[in-house]
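**Student:** Residues annotated as domain 'BRCT' in TrEMBL: B:201-294. Sequence annotations record features per position, and here TrEMBL assigns region 'Disordered' to B:325-405, B:438-464. The feature compositional bias 'Acidic residues' is assigned by TrEMBL to B:330-363. Annotation source TrEMBL lists compositional bias 'Basic and acidic residues' at B:364-375, B:391-405, B:447-456.
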Amino acid sequence: PLPSSPLQDIRNTVGNIPMEWYQDFPHIGYDLEGKKIYKPIRNKDELDLFLEKMENPDYWRTVQDKMTGADIKLTDEQVDLVHRLQKGQFGDVNFNPYEPAVDFFTHEVMIHPVTNRPADKRSFIPSLIEKEKVSKLVHAIKMGWIKPRKPKDDTPTYYDLWAHEDPNSILGRHKMHVPAPKMKLPGHEESYNPPPEYLLSEEEKLAWEQQEPAERKLNFVPQQYRCLRAVPAYSRFIHERFERCLDLYLCPRQRKMRVNVDPEDLIPKLPKPRDLQPFPTTQALIYRGHTSLVRCLSVSPGGQWLVSGSDDGTVRFWEVCTARCMKTLPVGGVVKSVAWNPNPTVCLVAVCVEQSVLLVNPCLGDKLLYGATDQVLESYVAPEEERVQPVQWVTATLEEHSKGIRLVVQHSKAVKQVTWHGKGDYFASVVSDNSNMQVLIHQTSKRWSQNPFRKSKGLVQCVLFHPIRPYFFVATQRYVRVYNLLKQELTKKLMTNCKWVSSMAIHPGGDNIICGSYDSKLAWFDLDLSTRPYQLLRHHKKALRSVAFHKHYPLFASGSDDGTVIVCHGMVYNDLLQNPLLVPVKVLKGHVTTLDLGVLDVLFHPTQPWVFSSGADGTVRLYT
Amino acid sequence: RYPTFVDALRDLDDALSMCFLFSTFPRTGKCHVQTIQLCRRLAVEFLNYVIASRSLRKVFLSIKGIYYQAEVLGQPVTWITPYAFAHDHPTDVDYRVMATFTEFYTTLLGFVNFRLYHSLNLLYPPKIDGQVDAELKPVEGKEYAMDSESYLEKLSALSASLARVVAPTHEDEVEMDEFPVEGETAEQMDMRKKEQEALEKHKKLFEGLRFFLNREVPREPLAFIIRCFGGQVSWDKSLCIGATYDVSDPSITHQIVDRPQVEKQVVGRYYLQPQWVFDSVNAKLCLPVADYFPGVLLPPHLSPFVTEQEGDYVPPEKLKLLAMQRGENPDEESEEEDEEEEEEEDDNDKEEEEEEEDESEKEEEMKLKKMEEQKTQSNKALPVKVTAGKVRLEDRQRLEQEQQSEEKRLAIMMMKKREKYLYKKIMFGKKRKVREANKLAAKRKAHDSAVKEEKRKSKKARRA
């Protein structure tokens, strides 16, 4: 606080108290008559302050007195004083800090004493206490108890600690001792003059600074100095030694067995794909025509024709060898599944469109053959008593007949899959429903359908007939159930170890099943072995959409959303003791992934080692 | 703690580093003066032992301090000393912990020193050789300290040899008889013999050379290193006790200088920067002096502790050094540069090959796509053109390689989950290593080209 000018009559009457006590009041203290002493009114806003700053030439020397709240203009002397104090000089102008010193006590002996005090008596008489002490020391020296002027030797004495090294004395705890790992030796980057490539660029330096100290690969920034004399002290030297000390006594040590594996040894030794030929290796043909996703494929039993169903509401028939579209059948809805009758004497294709299954005669190939099929269908005589059926069998209208549609099986809900029995008379359809009506088995010749299950066991994904024996496979989300159709009972329940089964295929021998799943796994089951997968292959990167077995060759294929088809060799031996041999032989690429979907269906040619795949890019491809 | 002496030697790294650090502490505050003195004494004793046994192998000037590596009774012992500056003591370090460790380390180092001195027939506590001691005594009347006090200073000057229990005779250096180890072929024997010879040669690296240290270079490390390899060393008398000869001594062969230029140069000696000593020790031969003259831009100082394995990045300076050690001496610089360039090209080729392997699939895909495109185009545009076909040469080797890599990929698919995880981890590590090496190489290339560009520009400017 600066001394207030004498002209001001407002004095501080509150005393030495914290002034913020009066912050919220309009006054500070009281005068002699007990009236409030008001603070000067301050109602200047920012603009006023600024204007004052600009206009008032004495603004810089105006200060607010905290005691009274008034603005005070500093006098020249006061400003001078502030300047002096800022410079670290003495406040008083007249004070001379460099006055000549007068030593009262100098090393020179003066002729006059400094003080006038008479000398003590004890300064004349020798001290008795001192005499006693000295005589004690003299006595001790005489007796040899004290040796004067002998340099004190407090250096520790060392000796040969390991003079009698005895291997037998090594105790168990010595053997168990884990020596501390040595500190890492410095690399080129720690040099005071490293090669230029070890210096960090600007971005690297920034990245280094942003990293946590524990995450950094180097605990220092490499630096280059022109010569040795320019190298400064390392500021973290003591820290590093200290941290080493902490490591040594705070970190528990443990022996870690590090396996030194050659990564090549980890790769299993498999037979060479070349020795497992034939299998499809290259893309041979592309069947173009569909304008949307091609969801399903099927091949005629002779292998000459291919049928594909697409989201664009058409079913197309192709000649396999020429990639020519023989026929286009608009069906007016998304085609979820197509299946060609496996019986070579019948020319019939089952097509799933929305709530119905169409039985289509494509009229391709031998005229006798497809004529015979039509005759068989027409020769149906309705039974006398109408039986209650879960579906409706409707004969096609004339217009539909001309397109090739012969029969329409109308379901109550949308149909998602259809599959034929090996003989070609029965077929099964899967309805997306939650009730027990999910799976239906139909007989074409009698136009008769039935519902085999009384209870729903979960959402059915797909169904399959056993190629030889009267078994029926039903895949729900996580399990595959095997039913015996003759005995009408559940034979087996296979655990797939997958989250959501997408597709299923059976080995022509009938003892092995593969299941593809949406969590990109492929499970191979050996039905004789156990209900768990014999092998779980995770070679796809994305969800599997479809799997297929070849009829004659030991091949199976899987198509996935990553746009690839992987062909594997899957040899099943007649010898029961020998486990099946699974070897991936080829990764086929070609489909472009659209809408995150790649390959939607794969299928083998019935006689040749060829594989068809249909994709989300609207093409069907043949690999040979 | 240490049932055998070798166990103690193996644990000596931290003890030495700590003692050297403590011996540089100021005698105030932080810790007891006695501890500091003891640390200094033990450290100096150890240095003297290393000089006497000539067991220093590697030295390295890092930004943290100076690393030394000695081979004591077959055990590598590495320690670091800070540069001689006052410490700026950190506040977040608990000195009591460090002091406790130092107490243990001084005890360990004392006993180890005792044993080491006795293994060389040296007196312990060390005594300076009598004859030299007399020489070291300053002119009478000017004695500046008591004998007991100047003793440590004389010892730490590192310029005098130590007194032995038994006077050394030349017969001590009798060649050892050689006993062939069983199961060792002649080749291995030869190799061992060669190594032994190289080691002996390395120990006598500076034999016969006389060094003089200017006052601006760090005296202790340089004196230590030069004496370890048999050189003679001196410094200005006012700098430290123990100077044996003067600047004007005509027999000086090398003068270590660390200033931009030297005014009065004496003919008949090399004026060199201190890095020459360090690099020569690490290279195990006296390097050509031209790169190390005062004021010259020094070549990079490489770490001797790095042994590059296959696939690691090797800086070109190291390659040059290795060539020099093998005895190849590229005379002209241009040749060297050519070689370098060739090497770089080789490297690039390799990289390209690697990339090609990765890209082979992509190429296949590209080809397929192209073919498709061509097909679609031909479908669309009916006027078909027939162009002359090109003869496609099939690179058999490459095809084979492709097939092999595909087989490998397919086999990897069939790995078990755990093995796959391990395999992926190993391969990731390998790839990262390659990536880092490539990055360093690319950086170097960019730097070199930038330097060349600058040179060219400066030349042009000069011509203009």
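Placement of Cβ uses the backbone N, Cα and C atoms for every residue, glycine included.
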**Student:** Per DSSP, what is the helix/strand/coil residue tally across the compositional bias 'Basic and acidic residues' (B:447-456)?
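**Tutor:** Helix/strand/coil tally for the compositional bias 'Basic and acidic residues' (B:447-456): 10 helix, 0 strand, 0 coil.
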**Student:** Taking all residues of the domain 'BRCT' (B:201-294) together, what is their mean pLDDT?
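**Tutor:** Its mean pLDDT is 88.
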**Student:** Please list, for the domain 'BRCT' (B:201-294), how many residues fall into helix, strand and coil according to DSSP.
**Tutor:** 26 helix, 14 strand, 54 coil
**Student:** Based on DSSP, tally up the residues of the compositional bias 'Basic and acidic residues' (B:391-405) by helix, strand and coil.
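**Tutor:** Counting residues by DSSP class gives 10 helix, 0 strand, 5 coil.
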